[in-house]
């Protein structure tokens, strides 16, 4: 199970045992006893003893053990037997370990547990049996471990649970049954678990949930039912879980959610229904979920949004609707979501967004509409979204950006318009975006930029214009961008840059001019930290001497190549990005790198 769903307690426990005490015997030779204050260590294990609190941990992990080691001290508090070849545990094998609080048996070959295998472990709090071969567990197996707080049974082969299997475990907080083969659960499967906080049933074969299944779990906070075979969620199935805060239903086969399916979940904060087959949402799908903060509905088959679907979700902060089949956003589609901060609608089939569709979303900070085919956006469509700071419109078939499209977005920081097939942006289209920091116009079909396109964008730091069809840039086009830090105009058709184009960009540090048709360039401003020049037909005559001198004096700013940083164990052969300044003329130096030309070549200059 991932740490997002209940693993935090386990992680903290593991750290505490690993860090036990000031005296560690793990580095001693096998069989070497501890110092005088500590008990002897089994020959095949290593031990860690903390004499301040009189706690002993015995580590017998990954020793190819086929039976339990002899001589485990009776006062052991933590015993690690994971990653061995134990196929069975004899009855009463731990009868002399009454102080044991932590037992790790995961990653072994256990096919079953004898009914009395855990006899004597009345103080055991954490039991890990994950990644074994367990097919069934007899009633009474856990009768000798009344203090259990965490029980890990994930990644076994359990196909059924007996009624009353967990009876008597009133102290259990965390039960992980994920990644087994459970297809049906009896009504009384969890009887006796009145104190349970987290229940993981992910990765099984459950196709049906009956309301009686969760009766008696009034303290449950987190329920993970992801990656099963559920086809529908019926009414009242969770009605007896008043304290549930997180419910994971993602990656099932859910096609229908009944009205009232989530009734009673007054404490619910997180609901994940993503990666299912939900085709529609009714107005009474989410009533009563007044505390819900996160709702994930991405990767379904939702074709439309009914009015008032979300009207009860007054405190919702994140709504994910990406990768559905929504074709239109009508006026007030999100009424009631006044606290929403993140809205994703990417990769739907949106062709039309009505003016007023986003009315009421006064707190939205991030909106993703990418991967649709909007073709055009009405003027004022984003009005009222004054707190929006990131707007994603990549791959949205926009074609043109008209004046007032972004009216009202006074707080916008990042605007992503990549891969839209844009052939034009009208001069006043970006006016009013005084707080904009990043503008991405990559991979469009722009042939020119209006003179005053960037008027009022005095805070812009990142401007990305690569992979367009720009043949020229007006001399005053970048004048307002006095805070520009990063400028990318690579992969265009630029033949020359006006001498004054970069004059006002005193803070520019990154400039990418690769793959254009430039023949000459005077490096400016002086503070450049990275300048990319590869892929241009450079005329290495006198006008280029200043560039040659700059490149030689600043090799880190104009590197000949950059090697990609490789991380992890699966590193491929090094990848190099080259930054050649290859001369196309005069003929006598064609094919040479500008930096390799000597002073004699420029003597006539």
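Every residue gets a Cβ built from N, Cα and C, even glycine.
Over in Swiss-Prot, the protein carries these features:
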- 1-27: signal peptide (SIGNAL)
- 32-74: domain 'LRRNT' (DOMAIN)
- 41-47: disulfide bond (DISULFID)
- 45-60: disulfide bond (DISULFID)
- 64: N-linked glycosylation site (CARBOHYD)
- 85: N-linked glycosylation site (CARBOHYD)
- 96: N-linked glycosylation site (CARBOHYD)
- 123-144: repeat 'LRR 3' (REPEAT)
- 147-168: repeat 'LRR 4' (REPEAT)
- 195-216: repeat 'LRR 6' (REPEAT)
- 219-240: repeat 'LRR 7' (REPEAT)
- 243-264: repeat 'LRR 8' (REPEAT)
- 267-288: repeat 'LRR 9' (REPEAT)
- 315-336: repeat 'LRR 11' (REPEAT)
- 339-360: repeat 'LRR 12' (REPEAT)
- 368: N-linked glycosylation site (CARBOHYD)
- 387-408: repeat 'LRR 14' (REPEAT)
- 411-432: repeat 'LRR 15' (REPEAT)
- 483-504: repeat 'LRR 18' (REPEAT)
- 507-528: repeat 'LRR 19' (REPEAT)
- 515: N-linked glycosylation site (CARBOHYD)
- 536-605: domain 'LRRCT' (DOMAIN)
- 540-583: disulfide bond (DISULFID)
- 542-605: disulfide bond (DISULFID)
- 566-571: disulfide bond (DISULFID)
- 580: N-linked glycosylation site (CARBOHYD)
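Sequence features, as recorded in Swiss-Prot, placed on the structure.
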residue: 41; record: disulfide bond; DSSP (3 states): coil
residue: 47; record: disulfide bond; DSSP (3 states): strand
residue: 60; record: disulfide bond; DSSP (3 states): coil
residue: 85; record: N-linked glycosylation site; DSSP (3 states): coil
residue: 96; record: N-linked glycosylation site; DSSP (3 states): coil
residue: 368; record: N-linked glycosylation site; DSSP (3 states): strand
residue: 515; record: N-linked glycosylation site; DSSP (3 states): coil
residue: 542; record: disulfide bond; DSSP (3 states): helix
residue: 605; record: disulfide bond; DSSP (3 states): coil
Message = Comparing the glycosylation sites 85, 96, 368, which residue's C-beta has the most other C-beta atoms within 10 angstroms in this structure?
response = 368
Ask   = Which whole-number value in Å describes the distance between the Cα atoms of residue 368 (N-linked glycosylation site) and residue 605 (disulfide bond)?
value = 54
Message = Please identify, from the glycosylation sites 64, 515, 580, the residue with the sparsest Cβ neighbourhood, meaning fewest other Cβ atoms within 10 angstroms.
response = 64
Remark   = The correct DSSP tally for the repeat 'LRR 14' (387-408) reads 0 helix, 5 strand, 17 coil
Ask   = In the structure shown, which of the disulfide-bonded residues 41, 47, 540, 542, 583 has the fewest Cβ neighbours within 10 Å?
value = 542
Query = Of all the disulfide-bonded residues given, 45, 60, 605, which has the fewest Cβ neighbours within 10 Å once its own Cβ is left out?
reply = 605
Task = May I ask for the distance between residue 85 (N-linked glycosylation site) and residue 60 (disulfide bond), taken between their Cα atoms and rounded to an integer number of Å?
result = 12
Query = Excluding the flanking five residues on each side, which residues at least 6 beyond the ends of the repeat 'LRR 3' (123-144) place their CB within less than 8 Å of a CB in that stretch?
reply = 10, 13, 82, 98-113, 115-117, 150-169, 176
Task = To the nearest whole angstrom, state the Cα distance for the pair residue 64 (N-linked glycosylation site) and residue 45 (disulfide bond).
result = 11
Ask   = Per DSSP, residue 583 (disulfide bond) is which: helix, strand or coil?
value = strand
Ask   = Of the recorded positions 96, 515, 540, which sits closest to residue 45 (disulfide bond) by Cα distance?
value = 96
Task = Could you state the whole-number distance in Å separating the C-alpha atoms of residue 540 (disulfide bond) and residue 47 (disulfide bond)?
result = 72
Remark   = Residues outside the repeat 'LRR 12' (339-360) whose C-beta sits under 8 Å from one of its C-beta atoms, at least 6 past its ends, are 298, 314-333, 366-375, 377-385, 392
Inquiry  = On the 0 to 100 pLDDT scale, where does the domain 'LRRCT' (536-605) sit on average?
reply    = 91
Note = Using DSSP three-state counts, the residues of the domain 'LRRNT' (32-74) come to 0 helix, 10 strand, 33 coil
